Every structure is written in structure tokens, then in C-alpha cells.
Amino acid sequence: MATLEDKLLGEKLEYYCSSSEGEDNGDEGGDNKGASGKSRCSGLTIDTNPDATPAGGFRQQSSTNTGPKGVVKDWQRFKQLEAERRDETERQRLALAKKLTITATTSAEDEERKRQEELDAELDELMSEDFLQQYQKQRMAEMLRQTGHHQQFGQVQQLTSHEEFLACVEQENKHTTIIIHIYERQLAACATLNKCLDSLASDYPSIKFAKICSSVAGMSRDFRTKGLPALLVYKAQAVIGNFVRLTDDLSDDFFASDVESFLIEHGIIVDRALYN
């Protein structure tokens, strides 16, 4: 009958390592054990190679932590990537907006420059001499219409009495310029001036020209010899011009154009070229 030890040994015989058996095969086993990397113990083969694949065909490998901490870490990484994408999108949006702004600004500057060039061209045209003269004529004609210069005279009126002299001045429109020549028949300069005034009366029909003999006007003998020819200019019953002995300015030999220039220079009449 087998003993308890035999039973135990018999049941574990497959896993039992005999020391004597290892000693008998020591010389042979030394070479085999080094070559195969395996050791045998009473029929039990133990593979000591750490890289060997288990019999079931599976091999244990390390894996990412999928616990709560791993989930939090993954979520944080996701939010980080999402924030980076937002930053990149914002940078691209700002770059595009800047580009569009530059383009829009350039277009606006071009339009402003073009508008300024057009204004400069118009200003140059307005400042041209021809335009200014035309504008001055139109403005002068408008002013003459507004001040009652629509009245037409066209010739020199002969005043034969002191009363006519007063009526000529006091009964005229306040906007009308009245030029009265005080003359003496025997003076050649007075005769020349009368002819010049006849011509100017035709050229300036809105101005009232008149003449009166110095004796009729009540002038003294001394004035008749030293002050003639003389011009008195009235407007709104007030004297605005008093010119005596015109030969001092015009000389003894003068023409209608000389008288015209003299009156224009002193502001008595306005050059007809401005409103004709």
C-alpha cells in the first residue's frame, strides 16, 4: 500500500524535481540549458525567456490609464486643442479684417484724391481771368438792376436855370449817379469836354449827364477864369465828386477815353466792359 508520501509524490510526480537526476546529467545539461534558455524539472518545462509569447498567444502590454484621472486629462487636452484652434481662427480673422481694412482705406483714399483733383481743376477754371471777368460783368449787371440803373438817359441834358439844376439833383433816383459839367462858352477846354461827355452819355446810358453855364449856375468871375472846366458829381443829393480845372489832369488836348479813364480811376463810374 502506498504511503501518504508516495501518494503525494505520485500526484506531483510531474512537478517533482530530482536533485540526483540533475547531478547525473550535469555535464550534458550544462550545454543544453545555455542553448535553449529553458530548464527542465522532472518533465516540467519552464521558459525563462522574458520575450517569449505565452502559450495562449497573448502578451501583456502597458496601456493608457482609462480611469477618472485619465478621463480628466483627456478632457483637459481636448479643451487645450479647442482653445488653440479658436486662437488660430481669431488670428486668421484679424488678419483678414486688417487686409480688408487696408483695401477699403486705399479705395477711400483714391476716391478722396480723385475728388480733390476735380475740385482743384474746377478752382483753376474759376480762377481763370476769363471766368473772373465774366462773373464780374454778371455781378455788376445784377447790382445795377437792383440799384435802379435800369433807367436810361443816353444824352447830356442842358440845364438853363438854377431851378433846373436843383431839380436835376434833388428829384433823381437816389441810386443814380449825376455828372454835371460847369462850363464857359469861350473856353476851348470846356467845348472839348462837352464833346467828350456827349460820347460818354451814349456809352453809359444809366448815368445822368448834364451841363450848365457857369454864369447860370451863379459862379464868380474868379472861378470862371481859374476853375473851369469843372465837374460836380452827385448821388442821393450828396456831392461825391468835385473836380475843378480838369486840364491840370487831362492836359489841354484830351479825348473821351481820357475822361472815361479819369472818372473810372476816381470811382465815379464803373468800366462799361464789366457789364456790357
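Just so you know, glycine gets a Cβ as well, placed from its N, Cα and C.
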Of the residues S18, S39, S107, S161, the one that Swiss-Prot lists under phosphoserine: S18
Record-annotated phosphoserine (source Swiss-Prot) among candidates S19, S36, S63: S19
Annotated phosphoserine residue, as Swiss-Prot has it, among S20, S220: S20
Candidate annotated in Swiss-Prot as phosphoserine, out of S42, S199: S42
